[in-house]
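Feature list (source: Swiss-Prot):
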REGION    1-24  region 'Disordered'
REGION    62-97  region 'Disordered'
DOMAIN    132-195  domain 'bZIP'
REGION    134-155  region 'Basic motif'
REGION    160-174  region 'Leucine-zipper'
REGION    260-303  region 'Disordered'
Amino acid sequence: MQEPKHTDPAAMRGAHHRRARSEVAFRLPDDLDLGGGGAGAFDEIGSEDDLFSTFMDIEKISSGPAAAGGSDRDRAAETSSPPRPKHRHSSSVDGSGFFAAARKDAAASLAEVMEAKKAMTPEQLSELAAIDPKRAKRILANRQSAARSKERKARYITELERKVQTLQTEATTLSAQLTLFQRDTTGLSAENAELKIRLQAMEQQAQLRDALNDALKQELERLKLATGEMTNSNETYSMGLQHVPYNTPFFPLAQHNAARQNGGTQLPPQFQPPRPNVPNHMLSHPNGLQDIMQQDPLGRLQGLDISKGPLVVKSESSSISASESSSTF
């Protein structure tokens with residue numbers, strides 16, 4: 001790289017050209033070797049934070065001499081020439097050009113520094129430490145920071161791999177548990193369905209039992225009603241029989257009349273016809289049958305069987321024969 005020619009400071013102050021000083025400020029030493037990089041260039045770059053800090057340092061270094069030179073030139077111009085009105089547009093243009101040039105120079109210097117860091121070997125670094133110790137220390141610090149960042153990245157990757165393995169193991173265990181839970185859920189659902197079916201069957205049985213109980217109750221009520229009607233009919237029939245008087249047959253009255261006509265002759269007990277339960281007051285009155293006929297000529301004598309005439313005749317003949325035999329004796 002060729003050195004720029006030194007010009008007269010008075011001419012530079014008259015032209016107000018500031019870029020010449022800025023270029024001189026970024027001049028690198030001649031003994032610095034900027035050859036091609038060797039192996040491990042990426043190891044010397046460092047992290048993004050290191051690069052940013054390096055860029056800020058270079059920008060401060062580049063802006064310091066330029067600002068100092070600019071202020072000296074302004075002071076010299078103010079003292080040498082009388083004050084004159086300034087054109088604002090021209091000054092703004094000059095300022096914008098200065099900042100643009102400063103940014104370009106800073107970018108170029110950063111690129112040169114990166115190339116220098118890539119190309120640095122231990123021998124060159126030792127030579128640089130002898131020439132510029134601060135820069136060598138900064139390069140060493142960047143290398144150490146890069147090594148630490150690599151170590152952190154390696155530890156982080158190892159930790160991530162360990163976590164991935166742990167998560168895979170947990171996922172396998174959880175999948176097995178999920179399979180068991182699904183199997184249990186299937187069994188429980190089948191058992192639940194069976195219990196529902198049994199519950200429906202029990203409900204149907206309960207409904208049938210209720211219907212059967214209702215039918216039995218209805219049948220019982222019907223039987224009670226039927227039994228009550230029969231009991232009422234029997235009671236009415238028995239009460240009717242109690243009110244109906246017993247009709248004395250005709251043949252005991254005839255026999256009694258015959259006995260009175262024969263003078264009170266009595267037959268032995270074996271020849272006497274059987275007598276029903278006849279009241280004594282009816283037997284004592286010979287005209288009882290006629291009184292009964294007069295009291296109820298139709299109703300109560302309808303049950304008498306008048307066709308039993310031979311029995312009456314037989315009893316009379318037996319009584320007559322008995323009276324004849326008694327008279328013969």
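Placement of Cβ uses the backbone N, Cα and C atoms for every residue, glycine included.
Small disclaimer: the values here were computed from a predicted structure and weren't measured.
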When the pLDDT values for the region 'Basic motif' (134-155) are averaged, what is the result? 87
By DSSP, what is the split of the region 'Leucine-zipper' (160-174) into helix, strand and coil residues? 15 helix, 0 strand, 0 coil
Summary of DSSP states over the region 'Basic motif' (134-155), given as helix, strand and coil counts: 22 helix, 0 strand, 0 coil
